[in-house]
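Chemist: So Swiss-Prot has the following annotated:
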{"type": "BINDING", "residues": "94, 107, 110, 111", "note": "heme 1 binding site"}
{"type": "BINDING", "residues": "129, 151, 154, 155", "note": "heme 2 binding site"}
{"type": "BINDING", "residues": "143, 309, 312, 313", "note": "heme 4 binding site"}
{"type": "BINDING", "residues": "238, 249, 252, 253", "note": "heme 3 binding site"}
{"type": "LIPID", "residues": "23", "note": "S-diacylglycerol cysteine"}
{"type": "LIPID", "residues": "23", "note": "N-palmitoyl cysteine"}
{"type": "SIGNAL", "residues": "1-22", "note": "signal peptide"}
């Protein structure tokens, strides 16, 4: 009898330990972000925050160089993106990129002895990434505001950013008895180790799939086309948001009504633009580089590395806690004439997008 009691006690203890293994131990800090008593709180684990702070520090910028004198494209050959800078500022920008992206490898990571040579794929990719950065800093200010981004925002001293994603490998169904997992039930890290669909990125950050699944009526109306699988993918994406930014649901949503834009936090509109920015960058910049990258840089299905929220945020609600690095590097915005042309071309799209978060149907989840 005593042995049975001991075994039962041990079983209960082991089960309890297993159930609590995924929980954070107290204490945690709560920051009120809405009206009292409504649960609008931001939960912060001070121990996790202490570990994160050193990784979110922006490097000190060197003083901006003299902008007088000949332009870089007048002195150097094959300077296609940063040619509008002075020679001094161009040299400063190149030194900064080396420190941000390849501090160990140095200039040779992208260049041969002939600096004008484009034989290294790294140089071709970096040129396109500079154009991408310039676009983000001028045409996606609804998401990055005046803070902008630099190469360091994503790379953090690594030639390949740590936080990237590839299309998930399809299930190998060589034997019918294993069943069809339907892209979920794998406890993937990207969806918080849950059974949710483990590739929400292809659906929402590459394809133009609507994230909206939340209803605003007590009973079904028959007008919603969302099904359970789409709802699960949406929640998978939300789990990614939470981990990527180190926040809980109430950072963007009012839990009184997830579908309400009027009662949501301002960050929800910022996230709405962020979703569309990620799609733009993945489809118009990353996908076009698929054939440029060597095979060992591609994913298991042969696709190119792509961007999600973690690529920039890396666990912080604002990348580098909002450090304004871009303002110190004029080369990370296009030449004035090109910037003006881009702004005029993008104006109709931006005008329509500006109204979208508040003017569309109130069933949006993000």
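Cβ coordinates are placed from backbone N, Cα and C, and glycine is handled just like the others.
Map these features onto the structure and tell me what's around them.
Modeler: Mapped onto three states, the DSSP output places residue 94 (heme 1 binding site) in helix. Less than 8 angstroms from the CB of residue 94 (heme 1 binding site) sit 107, each of them six or more residues away in the same chain.
Annotation note: residue 129 (heme 2 binding site) sits in a helical segment as assigned by DSSP.
Counting every protein chain shown, 23 other Cβ atoms lie within 10 Å of the Cβ of residue 313 (heme 4 binding site).
DSSP assigns residue 252 (heme 3 binding site) to coil in the three-state reduction, outside any helix or strand.
Sequence-distant neighbours of residue 23 (S-diacylglycerol cysteine) (same chain, 6+ apart, CB under 8 A from its CB) do not exist here. Under DSSP, residue 23 (S-diacylglycerol cysteine) is assigned to coil, being neither helix nor strand in the three-state scheme.
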Chemist: Return only the integer: C-alpha distance in Å from residue 238 (heme 3 binding site) to residue 309 (heme 4 binding site).
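Modeler: Distance between the two Cα atoms comes out at 11 Å.
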Chemist: Applying a 10 Å Cβ distance cut-off over all chains shown, what neighbour count does residue 143 (heme 4 binding site) have?
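Modeler: Step by step: centre on the Cβ of residue 143 (heme 4 binding site), count other Cβ atoms within 10 Å, giving 19.
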Chemist: Specify the nearest of the binding-site residues 111, 151, 249, 252 to residue 313 (heme 4 binding site), where nearness means the distance between Cα atoms.
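Modeler: Checking each of 111, 151, 249, 252 against residue 313 (heme 4 binding site), the shortest Cα distance is to 151.
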Chemist: Would you mind reading off the Cα separation of residue 253 (heme 3 binding site) from residue 111 (heme 1 binding site), to the nearest angstrom?
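Modeler: Pair distance, Cα basis, whole Å: 47 Å.
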Chemist: Rank aside, I only need the closest one: which of the binding-site residues 143, 249, 252, 312 has its C-alpha nearest to that of residue 151 (heme 2 binding site)?
Modeler: 312
Chemist: Of the binding-site residues 110, 111, 154, 252, which sits closest to residue 312 (heme 4 binding site) by Cα distance?
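Modeler: Sorting the binding-site residues by distance from residue 312 (heme 4 binding site), the top entry is 154.
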Chemist: Could you give the Cα-Cα distance between residue 111 (heme 1 binding site) and residue 249 (heme 3 binding site), in whole Å?
Modeler: 45
